[in-house]
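Trainee: Pasting in a structure now, in structure tokens, and then I'll have a few things to ask.
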Amino acid sequence: FKKKKCFFSTGKTWKKNRFYKLQEDCKTLWHESKKTFMRDQTFTIDDIESVRKGRQSEGLKKHTDPNMEELCFSIFFKGRKKNLDLMAASGDEASRWVRALEKIINNMRNLNRQQKREHWIINCMRKADKNADNQMNLKELKHFLRQINVEVDDTYAEEIFKKCDTSNSGSLEGAEIKHFYDLLTHREEIDVIYKQYALAEGQMSARDLLNFLLNEQREEATPEDAYTLIEKYEVDEIAKQKKQMTKDGFLMYLHHDDGSILNPAHKPVYQDMSQPLNHYYISSSHNTYLMEDQVKGPSSTEAYIRALMKSCRCVELDCWDGDSGEPVIYHGYTMTSKVRFKDVIQAIKEYAFKTSDYPVILSLENHCSVEQQKLMAHHMISILGDALLTRPLGNTMPTNFPSPEELKGKFIIKGKRLNKLNAIFSNNSIIDEDTVSEEDEAADVKENGQKAKSKKTKMKLAKQLSDIVIYCKSVHFHGFEHARDNQDFYEMSSFKESKAFSLADTSATAFIHHNMDKLSRIYPAGSRTNSSNYNPVPMWNVGCQIVALNFQTPSKEMHLNQGRFLPNGFCGYVLKPEFQRSPSSQFDPGSLIKGPWLKRQTFHVMVISAQQLPKLNKDKAKSIVDPLVRVEIHGVPADNASKETHYIDNNGFNPMWNENFSFNIYVPELALVRFVVEDYDSTSQNDLIGQYCLPLTSVQKGYRHVPLLTKRGDVICSAGLFVHLMLIDAE
């Protein structure tokens with residue numbers, strides 16, 4: 001679309017005309033503002049998280065009539081930028097808007113790394129061409145180099161310019177700009193690797209490529225695999241016919257999934273999903289309703305949508321009596337805003353299974369009166385319908401959890417229950433309500449000095465709410481021995497982080513065995529009022545499944561969580577190692593006693609180079625990053641390590657390090673690898689440029705590109721690292 005007209009919302013004010021135009025880069029949307037201090041208003045396709053048709057935002061639901069549903073749509077942005085609510089003149093026009101935006105978004109996201117790299121450079125060239133004459137003079141060339149995050153002295157800039165200005169016209173155009181682009185994007189490190197293996201008249205034959213795959217990439221490759229890669233990635237048709245790979249084809253291969261650090265076989269769901277539910281780590285959120293801090297931040301249905309779209313499979317609902325008779329969700333005894341329980345359940349139903357088909361656990365922290373509990377049960381039953389699990393699978397009392405595969409598309413309620421689960425299979429009736437002990441977390445929620453409830457508080461529980469708690473009945477924890485002798489498999493406890501870490505330190509093996517037949521949920525301390533997170537790795541080390549984090553807070557801990565759940569289709573479930581599932585296991589993460597978990601390896605990492613790192617201070621034209629790379633291992637205590645390169649002055653475009661590190665790994669099945677790129681600062685804390693985390697068991701060996709993500713976990717389109725990786729078994 002060139003220019004499109006629609007109405008936009010500014011709070012309660014509607015029907016202000018706004019014209020939008022897609023810029024030449026096919027990436028930037030522009031609209032004119034009548035405010036003198038906001039002349040050009042733009043946002044890019046990369047800023048958009050999703051486009052949703054209908055009255056999907058809280059603003060649209062509040063300020064528009066239901067009969068306007070077909071006219072409305074919203075653009076939701078990454079991070080904390082407010083969404084843009086829009087209304088078209090007709091339903092057809094709204095649909096065209098949504099389809100067009102989704103098409104552009106999908107086109108951009110489906111570009112391979114090489115295409116993204118080229119698109120980014122060309123876009124920077126366009127911005128540097130101030131007078132839009134499709135030529136580049138020396139001043140514009142210097143501006144362009146700063147745009148792409150590289151600082152060069154004037155003499156070097158002039159040398160490049162003269163080398164390319166073959167017409168001696170004082171400006172570059174056409175083939176001269178192409179020559180300049182080729183000089184700029186030339187990668188010496190790729191040349192060295194390619195020349196080492198290209199023995200067939202300066203090009204790689206299928207045999208040469210096979211040698212590379214076997215010797216460098218350490219893949220179990222066959223000649224057919226080499227032919228397939230040539231067919232898939234070679235850009236020169238003549239070379240393809242000769243079953244050869246040019247350097248451009250080789251670079252194309254390295255920029256795609258086959259050349260990425262993440263094993264392509266681990267991208268889809270590849271693990272056995274038929275094991276009992278408690279045999280999996282489950283991606284889990286704490287206080288899911290909060291967008292920001294725990295004291296006065298906003299509560300929103302959008303927070304649930306964002307968590308679910310990140311494949312979170314356990315969300316928390318902190319339920320309280322609402323003034324209008326409808327239960328609400330908010331952080332009790334604080335100034336956080338409130339959102340209707342009913343609206344949250346509706347949003348969960350709509351977005352729960354968009355990114356993963358596997359079951360979603362609704363963890364209820366219930367503070368409601370009996371009457372409003374009945375409403376909670378009514379809303380969940382009526383809105384979630386058949387997807388809500390209201391009785392165990394099968395016709396007999398189960399003795400173990402069903403599997404994620406069996407529970408696909410289902411909602412499981414975690415909360416208090418008035419009786420044992422086997423009452424469902426008997427004719428014994430119970431009273432409509434009774435008292436149960438208050439949730440553990442309710443007693444902890446006011447650690448920040450506010451009045452706390454007694455841990456012995458009792459509350460009345462409605463039968464209707466009790467009856468829909470099936471596989472996740474909340475009970476107090478009285479010790480591992482008591483749990484083993486008295487708790488049924490479906491009875492689970494929640495642990496405050498301090499209690500959980502203490503148990504992991506003092507009784508790790510007992511904790512692991514507890515988690516072999518029961519579920520455990522860990523949650524952040526109430527003192528974390530800023531919504532910070534604890535380190536989830538020690539909790540995974542002892543087999544805890546529901547390790548709940550504040551998803552709204554971008555942090556190192558969330559990067560580790562994203563890395564843990566990156567493989568297996570990013571479905572929110574990852575199968576625990578065998579030694580955390582086998583009753584005969586005596587695994588203790590704090591001890592290196594011999595066992596099937598002990599597989600000593602040396603992990604060699606060569607950090608070679610980076611490409612197109614983003615500028616951090618875009619307001620200052622001459623601000624260039626000084627990048628360094630840190631490689632971290634997170635796992636059992638013996639494996640935890642961190643090593644970093646030196647920093648490189650003023651080059652974010654193509655810095656090269658060629659630094660080697662080695663790490664001793666003892667329990668590779670629990671190890672995560674995290675790459676961190678920072679902008680070095682001698683006077684203050686380094687700034688994060690990008691990061692990427694994945695399990696060590698999903699790492700591909702050899703020469704690999706590593707994508708980079710922002711602090712919030714979004715892909716930085718053009719940026720990446722180039723590394724060489726080796727895993728060698730110790731003797």
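Think of each number as a place in line: the chain as shown, counted from 1.
Even glycines carry a Cβ here, placed using N, Cα and C.
Worth saying up front: this structure is predicted, and the values here are computed from it rather than measured.
Not my notes, these are from TrEMBL:
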- H286: active site (ACT_SITE)
- H331: active site (ACT_SITE)
- N287, E316, D318, E365: Ca(2+) 3 binding site (BINDING)
- K414, K416, S494, R521: substrate binding site (BINDING)
- I624, D626, N650: Ca(2+) 4 binding site (BINDING)
- D679, Y680, D681: Ca(2+) 5 binding site (BINDING)
- 1-106: domain 'PH' (DOMAIN)
- 116-151: domain 'EF-hand' (DOMAIN)
- 152-187: domain 'EF-hand' (DOMAIN)
- 465-581: domain 'PI-PLC Y-box' (DOMAIN)
- 581-710: domain 'C2' (DOMAIN)
- S167: O-linked glycosylation site (CARBOHYD)
Trainee: Sorry to bug you, but what's the C-alpha spacing from H331 (active site) to N287 (Ca(2+) 3 binding site), rounded to the closest Å?
Mentor: 8
Trainee: Applying the rule Cβ within 8 Å of the centroid of the Cβ atoms of D679, Y680, D681, what extra residues of the same chain belong around the Ca(2+) 5 site?
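Mentor: My list of surrounding residues reads V625, D626, P627, L628, Y647, E678, S682, N686, D687.
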Trainee: Are there binding-site residues among K416, I624, D679, D681 that sit within 10 Å of E365 (Ca(2+) 3 binding site), Cα to Cα? If so, list them; otherwise say none.
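Mentor: Of everything listed, what lies within 10 Å of E365 (Ca(2+) 3 binding site) (Cα to Cα) is K416.
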Trainee: Any idea which of the recorded positions H331, K416 has the thinnest Cβ neighbourhood at 10 Å?
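Mentor: Per-residue Cβ counts within 10 Å for the recorded positions H331, K416 bottom out at K416.
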Trainee: Just give me the nearest neighbour of S494 (substrate binding site) among the recorded positions S167, D318, D626, Y680, D681, Cα to Cα.
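Mentor: Sorting the recorded positions by distance from S494 (substrate binding site), the top entry is D318.
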Trainee: At the level of the C-alpha atoms, what whole-angstrom distance separates E316 (Ca(2+) 3 binding site) and H286 (active site)?
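Mentor: H286 (active site) has its Cα 6 Å from the Cα of E316 (Ca(2+) 3 binding site).
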Trainee: Whole-number Å only: compute the distance from the Cα of D318 (Ca(2+) 3 binding site) to the Cα of D681 (Ca(2+) 5 binding site).
Mentor: 42
Trainee: Round to the nearest Å and give the CA-to-CA distance linking H286 (active site) with K414 (substrate binding site).
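Mentor: Pair distance, Cα basis, whole Å: 13 Å.
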Trainee: Within 10 Å of the Cβ of E365 (Ca(2+) 3 binding site), how many other Cβ atoms can be counted across all chains shown?
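Mentor: Within a 10 Å radius of the Cβ of E365 (Ca(2+) 3 binding site) lie 24 other Cβ atoms.
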Trainee: If you measure the residue listed as 'O-linked glycosylation site' to N650 (Ca(2+) 4 binding site) at Cα, how many Å is it?
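Mentor: Counting only the Cα atoms, the answer is 31 Å.
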